[in-house]
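Participant: Sharing the feature lines straight out of TrEMBL:
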{"type": "DOMAIN", "residues": "147-313", "note": "domain 'ABC transmembrane type-1'"}
{"type": "TRANSMEM", "residues": "173-193", "note": "transmembrane segment"}
{"type": "TRANSMEM", "residues": "263-282", "note": "transmembrane segment"}
{"type": "REGION", "residues": "336-369", "note": "region 'Disordered'"}
{"type": "COMPBIAS", "residues": "347-356", "note": "compositional bias 'Basic and acidic residues'"}
{"type": "DOMAIN", "residues": "377-614", "note": "domain 'ABC transporter'"}
Amino acid sequence: MKRSSRYSLGRCMMLLVYRIWRAMPVLASVWLAVPLLLGLLLVPGFAAQRELIDLFTGGIGGKSWTEMLALAWQPVVVIAAVAMLRSSLSALDQMTDSGLKDRASMLLQAEVHAKAVGVPLERMEQAGYYDRLDRANQAARSELFDILQNGIALLRLLFEFAGLLVVCWLADPVVGVILAFVFTVSFAIRLEADMVKRRLNRELTFSGRYSDYLRSAAVQPATVKELRLFGSMSYLIGKWHAVTEQAVTLRGDANRREIRHGIVVSAVQIAGLFASIVWLVLQMKAGTFTAGTLVVVFQAMRQAYGISGRMAWPVGKLYLQSAKITDLVRYLHEPPETEAGAGERTGAAERRERYGPDGASAAESRSSQVPGEEGCIVFDQVEFRYPGASQPVLRNIRLELKPGETVALVGGNGAGKSTLVRLLLGLYEPTSGQVTWDGTDYRELDRELFRESVSAAFQDYVRYETTVRDNVGFGRPDLLNDDDSVRLAMRAGGAERIGGGDLDSRVGLVTEGARELSGGQWQRLAISRAAIRPARLLVLDEPTAALDPQHEQELYRSFRELSRGRTVLFVSHRLGWARYADRIVVLRDGAIAEEGTHEALMAADSCYAAMFRAQAWWYCDERGGKGQP
């Protein structure tokens, strides 16, 4: 409860507006001031109208036209000036509105991105954190426009009503009280009706999609033949009719409820207007009020009643958007470490030591050592536990990768292979123990120089739907325009035939005329992207997962060129590749179960041998004959 009150809708809106004002004080001040001025200008405008009406209803009384003009010119000038000012302010409002919304969206997106960049990868990959980031990013990118638009519409209507209330209050406090009461009741009824309708529309969204699907399924050739064959067409049509009928009934009930609410609002407003007029007429008999006052109050109350109906729309929208507003504000105000789970270090000093004051890993801020030339990597009693987890993913890892060595990392799903790869690449920091490069702790290395020393092709590779050149050259931007380097990397990754040899050939579905690639082709481009980097450590995570047997064989033939002069670690469930590694490391339940050459591990007849035989069984038995699954 305390958490929700801290991030109430009003507070969230104020925090957003403050952030925008702090970055763009002039534009934001104009954006906020214009609605206020539009509301305040109603007071002199109505006062001038009252004076003009009183002048003419009081009779000419033998005055010449020059005398009447002398009396009337001041209210006429005021009315004209107010009209011109309101027109100019409305134009200025439109200009600042569109400019500010675009700039504010860019500003808050940049703040979200800047905050996300400094977050440790292990935290970024947590589902809960990523969900919060995604919701905040969506709100800043696509929802902020509507949020600001509804917010300024609400402000404009509030200030306009305030001006009308002042007009009625100055005429007579009793009329002002009547207007405030009638407005509050009318607004509450309209808002409740609007919220009910919005909730119903959201509930009927699924029913509408389901109804559309059932209707289209009844006429699609692919489904009609099966439905007729199975005799299910009448059932499907009956199901569509039931779903549609339920939606129609609910919508009809909502419309009738809205009509009833409208009748109640009209009755309340008419009663309030009638009571105000009766009161003013009685006061006129006593000589307190004039006809001009009566006319102006009547206009002001009618205008205020219209505002009560229009105000329900932005308030209802903001209420529905409140969760998105809260997501954005909470994320922007979220400290680097917000929640500590069981078994996680919770001290402030330890958090600063691990993550640094800006949320980045400690290594990001204190690194300075140049990575050594040899590139000998050692895991020394490494343990890793994800934030919030009670059990470590990896424990007591002792592993050495010698310069120029090719190591295969194998193990079942959930064994910890991907986590070990991230530790190896410096994307994660160990919870305990250390990873060293030529004897220097990763956390002491210069991060930029270290990243130039490593490269990787991940299983969840990225598809850059631009050109073949970009897909390879993004691995080394300074070589993007070096055709020889790009082609050499493509040959090492088995991608030299993609794009028909044209490096500027477009791939993907984003641009018209682009080539659509298969999963295997995208993966070969990802491997080529890793190969273009002159890195001493290359990690290949499931390099053949999307390749057919023929292209897998082609990639294997280019593997020697790919691994020349590098330390290579590849992760693969296809154990045929592991046979040709210098060493095989088997992970099981977060620990190294065994390691050695293919021959040594097969002779040991343990974890690796069991996995290898299980795969080989599908192709041939131990005597070389046909296997029997």
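Here the Cβ of each residue, glycine as well, is placed from N, Cα and C on the backbone.
Looking at the shown structure, can you explain where the listed features end up?
Facilitator: Tertiary neighbourhood of the transmembrane segment (173-193): same-chain residues 161, 164-165, 257-258, 261-262, 264-265, 268-269, 271-273, 275-276, 279-280, 297, 300-301, 304-305, 307-309, 311-312, 315-316, selected by CB-CB distance under 8 Å and a gap of 6+ residues from either end.
Nonlocal intrachain contacts for the transmembrane segment (263-282), taken as residues 6+ away from its ends with a CB within less than 8 angstroms of a stretch CB, comprise 168, 171-172, 174-175, 178-179, 181-182, 185-186, 189-190, 289, 293-294, 297-298, 301-302, 305, 308-309.
Mean pLDDT for the domain 'ABC transporter' (377-614) in this predicted model: 84.
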